[in-house]
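TrEMBL has this to say about the protein:
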- 1-17: signal peptide (SIGNAL)
- 63-299: domain 'Sulfotransferase' (DOMAIN)
- LYS71: active site, for sulfotransferase activity (ACT_SITE)
- LYS71, GLY72, GLY73, THR74, ARG75, ARG154, SER162, TYR262, LYS277, GLY278, ARG279, PRO280, HIS281: 3'-phosphoadenylyl sulfate binding site (BINDING)
- CYS263-CYS272: disulfide bond (DISULFID)
Amino acid sequence: MAFLLVSAFFLAAQTHGAPKEYSQQGEGVVLETLKLEIGLASNETENYSSQVKPPGTNRRIPQSIIIGVRKGGTRALLEMLDIHPEIVVAATEVHFFDWDENYVKGYDWYRNLMPFSYEHQITVEKTPGYFTSSLAPERIHGMNSSVKLLLILRDPTERVISDYTQVYYNRLESHKPVQVIEDIVIRNGALNTKYKAIQRSLYDVHMANWLKFFSLEQIHIVDGDTLIKDPLPELQKVERFLNLPPRIMSTNFYFNQTKGFYCIRSDGRERCLHESKGRPHPVVNSTVLEQLHAYFKDHNQNFYRMVNRSFNWH
């Protein structure tokens, strides 16, 4: 089932007493590719440097970072947390800690891509690529060893299919050739374990790298499969993890029967998800699904042991 809560709309109004901002990432083909990756193609970006600084605010290094996982629901989580008056969010994926060309620009460059915030507010940035980056854990630790990390995960097999689906539609829109998922996942009769989408779903492998630099108490795992069905309980857990007063309420969400997923209601506005998100998954051959389930089984069990928690994954 597609993770329909992942959205890529930008908040175009000022909320929570501090403005929401957007940054420009790259140019030309690189920018368009990134927009397609995170579903921003139909939105305009706004130059951070043009923002007027409200009295009493500053741009701050994030106190919390959503580190992943790709196609796990990071955009939905960010937008939902943005409801909280004591949270301000960076509107775009910065890719500071996983892209060398950005990291060499330094912390000041990174800070200048953050929104203005008041001292009592928490700045949150999200870049799904951080979780699977071999460099990001050490780099984030070097910036702030006490940062609170948010990791949203979903069933690894579903994540693979969602990953494929995004690339499939992006290639269609770019008039590039596409392959059915079975031809990518299976090579010479065996599971293609080198397929990047499969590699990204090896949560235990990537988590081991993060636990070298951060304690488990610093990493809160959001159940992406639960978030789609009942957002509030998962968000309340995040509020507690960030030591924030409970401000996100059930009235902030409503189920859109036409779209088939929850939308957000806050600040007198109702907003649903970008049309590029929540696309239907292809029907995958049952034998291929079984191979994926079997491959991830041991990895999942190992991950459960690492985080002292289990999930309802295949």
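Yeah, the Cβs are placed from backbone N, Cα and C, and that goes for glycine too.
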Query: Counting every protein chain present, what is the number of Cβ atoms, excluding its own, within 10 Å of the Cβ of ARG75 (3'-phosphoadenylyl sulfate binding site)?
result: 26
Task: Just name the winner among LYS71, HIS281 (the recorded positions) by count of other CB atoms within 10 A of its CB.
output: LYS71
Query: Can you tell which of the recorded positions LYS71, CYS263, CYS272 lies nearest to HIS281 (3'-phosphoadenylyl sulfate binding site) in space, using Cα positions?
result: LYS71
